[in-house]
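Annotation source TrEMBL lists domain 'Transglutaminase-like' at 263-355. Summarising the annotation, TrEMBL assigns active site to CYS271, HIS329, ASP352. Here TrEMBL flags ASN392, ASP394, GLU442, GLU447 as Ca(2+) binding site.
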Amino acid sequence: TAATQPSTNWHLKENARNHHTSKFSSKELIVRRGQAFTVTFNGTEQPEQNFTFIAETGPKPSELAKTQATFGISSTVSKERWSAVLQSTSSGSKSISISSPPNAAIGRYKLSVQTTSSGSSSPESLGTFVLLFNPWSSGDEVFMPNNADCEEYVLEEFGIIFAGTKNHINSFGWNFGQFQGDVLNICLSMLDRSLNYRQDPATDVSHRNDPKYLGRVLSAMVNANDDQGVLLGNWSGNYEGGKSPSSWTGSGEILENWKKSGFKPVRYGQCWVFAAVLTTVLRCLGIPTRTITNFSSAHDADGNLRVDEFYDASGNHLDRGADSIWNFHVWNESWFSRSDLGPSYSGWQVLDATPQEESGGIYQCGPASRNAIKEGDVDLDYDCPFVFAEVNADCMYWNYDPTAGKKTLIFSKSTVIGQFISTKAVGRDDRVDVTNDYKYEEGSTKERDIFKKARKKLGLEDKFDPTAPTPQEIDQKPDISGKFKVAGPLEVGKDLNLILVLANLQSDSRIVHVNMTAWSTVYTRRPVHKIWKDFMSVTLSPKEEKQFPIKIAYAEYHQQLTTDNMIQVTALCHVDGGIQVLVQRDITLDNPAINIQVLGEAKVNTEVDVEVIFTNPIDTEVINCVLQVEGNDLLRGILEMDIPPLKPKEKSSTKFKLIPFETGPKHLLVNFSCDKFVDIKTFKMINVID
């Protein structure tokens, strides 16, 4: 008689509970490696010693590459390889507990069973399942001993990303959504679209047991450079032909769009979007991951641990040279051990999906061990010199004269770069500062020694660098000092009031000629539009400090602003008979507030009203108002609502209904835009009860 196809019970609920995969809404079994799961199948009257199971993944499964395993039923679980243990037998059905080794390749597997007594019959498929990394298992390279950390860095779908400037840190919510919709399948197809897979599929799949390998491959796949990856970067300030980077509120929409378009890069991303999408993908696959924001982040393009910035005589910041200092930059840290470097380099590893510099010929970055960065071990894999520079580079500010092609050093600073390095707290919506995990205290001898050690390892100590300033230039002392103080609110819609404070450090008077400019910039401090310029000559008597109020009216700046709401104000001071002094400040303007009220209790499967309130703070009407709302387990997809124009000072209230479908703490993310204010973001935690 023809054998009947065995029918398989995957025990989805119970296996998912044991494997921390209950948040996936899949009809397919999703389990973690190095841990047993139960399968029951029937239609077989054979004794158990006649069974052989085959688990295989990838296009060319092989025992040698560890992408195929053949195993019978044994009495005990093996830690080293795939094994099966009989749990129970009843009228033609068998319950089997199957375990994978803690270093199995992750991905989609096919499970088949073969019975020996029926001659050489071909194996019968029991179906497919997905195997993920297991941070709860001590044998796994991604093992995280603290359960609260696993909850945050693998299971939490809501995140907070820090941005702004070191003087003014702000934050916004993000929906990682790693368990939503089709995200897992999109992550698996991302692996199959990588350059490595295209070149040699079998070898690529056999390396998918290694978090170092996958982290590096995915840091390349999240940007579109080289491989038609997920997101196309754009830092121009003009985002026509796509969505502006600041308009996204979650990764789900980006990943779904990438798949829907036939895997064409989604327009547009900037650093936090790349980092947030990489967080989603790695958490989805089971690698503990978080986003990190570094303020005053160096982009050292030429690898000399020095960042050069150029200004013309009028104080305009010139977009010249590849180096830059970003107001902030966001990257990732993932948690895994470094068998290639040794135990002291295990733990958090830096990965960066923003396409800044090529590594190994393509735009990818990491994993760089955070401990290696702190200790200046920049010769270790991967990309440590670039990451070390992001948090440690020295800055040189130059005056550049384009007619003579001549540059003069204004001043240099070794304490500017890498400040307030931030990430979200575990289990709370707070900021945690991790600067001390990246470097020793700024200005301490230990920190300077590490900097010298890194320079030495990079061969910079012995090499003459014709572009470097001379010791005389570095030691020159200015006659005056200056700073910009904020005098009033920093809000879009209000005038910007600053005070330029100049102090004469000498005991005789000084004449100072001050060239002032203000430019709107993107967050990378790339100048986009000139807003204002002014000039004055002042005399400072001995040791005198003078204050000069500066006002830049809303009417002057509002049309020039980028979506980052950032303005760079510069005063280049030419001192008669002395050296130039550069006074500078990067300012982030806050958007007006937007308010969410939940009207009543949020109960599962019950309608609840939510009200969003916005008041137009300016003296002109605002039009083209759009409200966008998303939140896992609160609503499906993204809700978009058009709001009628708002007269000056008018308050708008928008109500909509939610029907939450899961209990527990959930986050609602709101994004409001109109012609005068873009991407005003807020979020609210809603506790959904039974």
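Note: Cβ is positioned from N, Cα and C throughout, glycine not excepted.
Just so you know, TrEMBL annotations are computer predictions that nobody has curated.
Overlay of TrEMBL annotations on the structure.
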| residue | record | contacts (Cβ under 8 Å, 6+ apart) |
| --- | --- | --- |
| CYS271 | active site | TRP326, PHE328, HIS329, VAL330, TRP331, THR354 |
| ASP352 | active site | SER219, PHE274, ALA275, TRP331, ASN332, CYS365, GLY366, ASP383, VAL387 |
| ASN392 | Ca(2+) binding site | ALA298, LEU305, ILE417, GLY418, LYS439, PHE451, ALA454 |
| ASP394 | Ca(2+) binding site | LEU305, ARG306, VAL307, SER412, LYS413, SER414, ILE417 |
| GLU442 | Ca(2+) binding site | THR415 |
| GLU447 | Ca(2+) binding site | LYS439, TYR440, GLU441 |
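The Cβ centroid of ASN392, ASP394, GLU442, GLU447 marks the Ca(2+) site; residues of that chain outside this set whose Cβ lies within 8 Å of it are VAL391, SER414, THR415, ILE417, GLY418, LYS439, GLY443, ARG448, PHE451, given in sequence order.
Note on HIS329 (active site): other Cβ atoms within 10 Å of its Cβ, all shown chains, come to 27. DSSP places the residues of the domain 'Transglutaminase-like' (263-355) in helix, strand and coil in these numbers: 18 helix, 41 strand, 34 coil.
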